[in-house]
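Colleague: Encoded as structure tokens, here's the structure I'll be asking about.
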Amino acid sequence: MSFFIDVIVPLPLEQRFTYSVTDEEHERLQIGMRVAVPFGKRKVYTSIVAKIHSTPPVRYEAKPVEELLDESPTVTAYQLKLWKWIADYYLCTEGEILKSALPSALLIESETVIEPHPDYDINTIDEDKHLNDSEYLILQALQKQSLLKISEITLILDRKTIFPVINAMAEKGLILINQELNKQYKPKLQKYIKLSDHYSSETELPGLLESLERANKQKEALLKLFSLKAQTKKPISLKVLKEEAGVSDSVIKSLVDKSIFEEYHIKKDRIQYDGDSSSHQINLNDYQTEALEDIKNGFNKHPVCLLQGVTSSGKTEVYIKLIEKVIREGKQTLYLLPEIALTTQLIQRLQDYFGDQVLVYHSKYSVNERVEVYRHVLNGTKGKIVIGARSSIFLPFQDLGLIVVDESHESSFKQFDPAPRYHARDTAIVLASFFKAKTLLGTATPSVESFHNVKQDKYAFAQLTRRYGNVIPPKIELVDLKDQQRKQKMTGHFSETLLNAIKETLKQGQQVILFQNRRGFSPILECNTCGHAPQCPNCDVSLTYHKHNNTLRCHYCGYHIAMQTKCMACGSNDVTTKGFGTEQIETELHAMFEDKVIKRMDLDTTRGKYAYEKIISAFENREIDILVGTQMLTKGLDFRHVKLVGVMNADSLLNFPDFRAHERSFQLLVQVAGRAGRTEEQGQVLIQTYNPYHRILQQVTTNSYDEMFKEQLDERRHFKYPPLFRMIKITFKSRDLNKMNEGSDWLALYYRQIFTTNVLGPEFPAISRIRNQYHKNILIKIPHDQSLAKTKAYVKAGVDKFKSIAQFRSIKVVVNVDPY
Ligand code: ADP
Ligand code: ZN
Ligand code: ZN
């Protein structure tokens with residue numbers, strides 16, 4: 001009998017492909033193993049064995065596999081089951097999922113690139129007795145050429161089957177595979193300088209200065225340290241001291257060598273920061289204990305529980321207790337967080353408690369580190385707790401007991417591009433169900449759909465209504481901008497109320513956070529004569545003015561030109577900027593608070609490798625007085641000394657063209673507000689708006705989640721939106737506008753013949769052209785009594801038919817299930 005295998009190839013192809021295997025290979029084969037298979041003319045791909053059988057394919061002759069790459073499965077049966085579910089639910093292919101699910105180093109193909117491992121000294125290969133011939137030849141080639149493609153190695157070794165050689169070399173630590181640009185991620189500790197303990201008093205100064213008679217620079221540095229110390233009570237960083245004293249590293253180093261200065265680090269973990277010695281033990285307060293009991297009882301009836309806990313109520317501590325129980329039962333836990341909330345703060349907190357049981361799976365980690373975590377989870381060798389972002393639902397769990405989805409309202413759990421367009425929260429619930437495990441959704445501001453599930457008795461519910469340690473919730477007030485403008489009380493974009501509050505807070509030595517959801521200086525440059533605003537030539541948007549480099553930029557494609565002083569349409573000199581972004585706020589602040597440290601946190605200032613961490617730790621260490629930023633500020637950060645949070649303009653949030661705009665505004669404002677006053681003193685939140693009577697803003701100030709929920713749900717019912725209706729969005733993209741119009745009309749008509757109602761569009765989205773591609777959407781709304789599976793089958797049939805029409809071939813079609 002001859003044997004065959006069906007494999008999943010990492011390409012966006014509908015079917016699995018069948019290859020033949022020899023009897024000897026058949027004996028070693030198991031489902032979930034990686035095999036190298038030839039594909040197309042000359043390509044070889046790493047694929048996953050999904051089925052072993054003895055039925056030859058009907059339509060083509062099965063090619064033999066090139067080689068087996070594993071001794072035991074790399075992909076588990078649970079993973080294959082999850083991939084199948086995702087492919088069916090989100091209407092994508094298993095190949096697309098495979099590409100997202102496995103670290104790329106496990107998926108070598110002909111185009112894969114390798115490089116020498118930085119820890120292996122490639123100059124010693126002649127002495128290295130552990131190398132076999134193939135390894136020696138490859139490393140020799142890498143000496144001359146730092147990168148090699150697998151296809152090039154095929155020529156060097158003059159044999160076809162080389163994937164196992166490459167895999168083995170990676171495992172031995174000789175080479176790196178598919179290393180991306182993001183190298184190892186290690187948060188850096190900032191260096192601080194202080195006077196050594198035995199010189200700590202002023203009386204020592206004259207003697208010290210004398211001893212530095214012939215070292216002028218060192219003397220200067222010493223004097224500077226004294227004056228800085230007198231001015232501020234804060235720690236003095238090496239960087240500041242160098243700048244202020246105008247000296248180099250070596251000057252400071254000499255002083256350290258002489259034991260006059262001492263270098264030290266500030267540990268950023270706030271549990272130790274508090275000097276709390278019992279940090280490794282957690283005693284829940286009564287509210288937390290009750291919430292924990294409610295969760296446990298809830299889990300007896302429901303596999304999913306929603307924990308609604310106000311910001312700073314100590315949800316993490318409740319998670320930790322739950323996780324502890326799961327660990328004791330010998331099971332694994334997955335702790336999911338939005339990428340940006342995956343901070344060193346939180347990781348440190350869990351590591352302090354669980355030690356090396358904690359594994360972190362993070363896109364900032366290198367490919368090799370991700371492979372390591374993957375293997376640990378697969379083999380159960382280390383770490384029962386995985387903390388990670390969205391994609392960690394793809395790890396090869398063996399015995400999952402619990403999934404915690406923290407900040408579960410966050411929209412970034414949904415992947416928009418590329419496929420698979422999955423929602424990690426919803427997929428996590430399905431994954432947990434395979435193991436009969438529980439899922440806990442935690443947040444201060446539940447999404448409308450999660451809370452709806454509680455109301456429908458699909459999820460259990462628990463609550464934490466008090467901040468931990470009797471910290472009082474911040475006082476939230478609205479500032480009427482219209483009124484302030486009429487009374488001429490505005491300075492730039494600051495109302496008198498906000499400005500006074502900032503001054504007062506700074507006087508008390510506390511910190512301020514200001515939130516503005518637009519980056520750049522101002523969104524639009526407009527001509528007062530003809531009304532023209534410079535547009536991006538590639539996208540359907542106006543260019544944004546960036547002051548620091550005096551450019552006009554497109555935030556969608558990166559197009560930029562120099563700032564214009566004359567109107568490009570009519571030549572008039574009368575051009576003004578409209579609207580405002582974080583950069584403008586920062587500029588205004590600098591003018592008003594010259595002696596204060598003001599920093600900005602948005603996409604533009606956090607591009608560098610450690611830029612984000614640097615700002616955070618500088619803020620924690622109180623080197624920054626005012627931090628201006630976009631939504632980045634709202635995510636899971638816990639700063640001790642923030643007394644005031646200001647929202648520069650709430651209206652731009654509320655006016656967003658999206659059915660969830662109001663829900664999102666509520667969540668965002670409550671989360672931003674939660675950054676204020678996390679210690680004994682009550683924090684203050686000021687929200688500037690032109691619409692102080694807007695329902696959502698009223699609900700934010702009175703903390704009326706339930707009311708917000710009820711009103712939003714009524715609206716969703718009325719306008720047929722989730723969670724009362726499901727949605728599938730079909731997006732068309734093409735450079736040819738006419739063709740796209742024609743194609744999208746065709747498919748809309750096709751769907752209208754099937755689903756008589758609830759087919760909307762095709763319509764242009766708010767931004768109808770991006771990177772020279774026109775976009776149009778069809779929206780299909782699905783009532784709850786309509787079969788989801790059948791609807792999807794029809795949607796898919798329509799797309800397949802569309803793709804088979806020759807004249808539409810240049811139009812890209814993207815199907816997005818639950819596109820929100
Ligand atoms: P949330 O995630 O709900 O916003 P956190 O878990 O960050 O709140 O808790 C807020 C603060 O209170 C943290 O500094 C945390 O260390 C502290 N805290 C909460 N619960 C406890 C506890 N049971 N024992 C000691 N500290 C706690
Ligand atoms: Zn003009
Ligand atoms: Zn553009």
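Cβ from N, Cα, C; glycine included.
Below are the features I grabbed from TrEMBL:
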DOMAIN    296-464  domain 'Helicase ATP-binding'
BINDING   CYS527, CYS530, CYS567, CYS570  Zn(2+) 1 binding site
BINDING   CYS536, CYS539, CYS554, CYS557  Zn(2+) 2 binding site
DOMAIN    562-716  domain 'Helicase C-terminal'
Colleague: Let me know how many other Cβ atoms fall within 10 Å of the Cβ of CYS554 (Zn(2+) 2 binding site).
Modeller: 21
Colleague: Which whole-number mean pLDDT does the model give the domain 'Helicase ATP-binding' (296-464)?
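Modeller: Here the predicted model's pLDDT, averaged over the domain 'Helicase ATP-binding' (296-464), is 93.
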Colleague: Anything from the binding-site residues CYS527, CYS536, CYS539, CYS554, CYS557, CYS567 with its Cβ under 6 A from ligand 2? List those in sequence order.
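Modeller: Listed by sequence, the hits are CYS527, CYS567.
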Colleague: Would you count the other CB atoms within 10 A of the CB of CYS539 (Zn(2+) 2 binding site), including those on all shown protein chains?
Modeller: 20
Colleague: Highest Cβ count within 10 Å among the binding-site residues CYS527, CYS530, CYS536, CYS557, CYS567: which residue is it?
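Modeller: Of the binding-site residues CYS527, CYS530, CYS536, CYS557, CYS567, the highest Cβ count within 10 Å belongs to CYS536.
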Colleague: With respect to ligand 3, which members of the binding-site residues CYS527, CYS530, CYS567, CYS570 satisfy a Cβ distance under 6 angstroms to one of its atoms?
Modeller: none
Colleague: Neighbourhood of the Zn(2+) 1 site (CYS527, CYS530, CYS567, CYS570): other residues with Cβ within 8 Å of the Cβ centroid, in order?
Modeller: ASN528, THR529, GLY531, HIS532, MET568, ALA569, GLY571, SER572, ASP574, VAL575
Colleague: Using only C-alpha positions, which one of CYS527, CYS530, CYS570 is spatially nearest CYS557 (Zn(2+) 2 binding site)? These are the binding-site residues in the record.
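Modeller: Closest by Cα distance to CYS557 (Zn(2+) 2 binding site) among the binding-site residues CYS527, CYS530, CYS570: CYS527.
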Colleague: Taking only same-chain residues 6+ apart in sequence, whose CB is under 8 Å from that of CYS570 (Zn(2+) 1 binding site), what do you get?
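Modeller: The answer is CYS527, THR529, CYS530, HIS532.
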Colleague: Where does CYS527 (Zn(2+) 1 binding site) sit by DSSP, helix, strand or coil?
Modeller: strand
Colleague: Roughly how many Å lie between the Cα atoms of CYS554 (Zn(2+) 2 binding site) and CYS567 (Zn(2+) 1 binding site), rounded to a whole value?
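Modeller: Roughly 18 Å, rounded to the nearest whole number.
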Colleague: Can you give me the Cα-Cα distance between CYS539 (Zn(2+) 2 binding site) and CYS567 (Zn(2+) 1 binding site) in Å, rounded to a whole number?
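Modeller: About 20 Å separates the two Cα atoms.
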Colleague: Determine which residues of this chain, when CYS536, CYS539, CYS554, CYS557 are set aside, have a Cβ within 8 Å of the centroid of the Zn(2+) 2 site's Cβ atoms, and list them as they appear in the sequence.
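Modeller: Nearby residues not in the site list: PRO537, ASN538, VAL541, LEU543, HIS555, TYR556, GLY558, TYR559, ILE770, ARG771.
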Colleague: State the Cα to Cα distance, in Å, between CYS536 (Zn(2+) 2 binding site) and CYS567 (Zn(2+) 1 binding site), rounded to an integer.
Modeller: 15
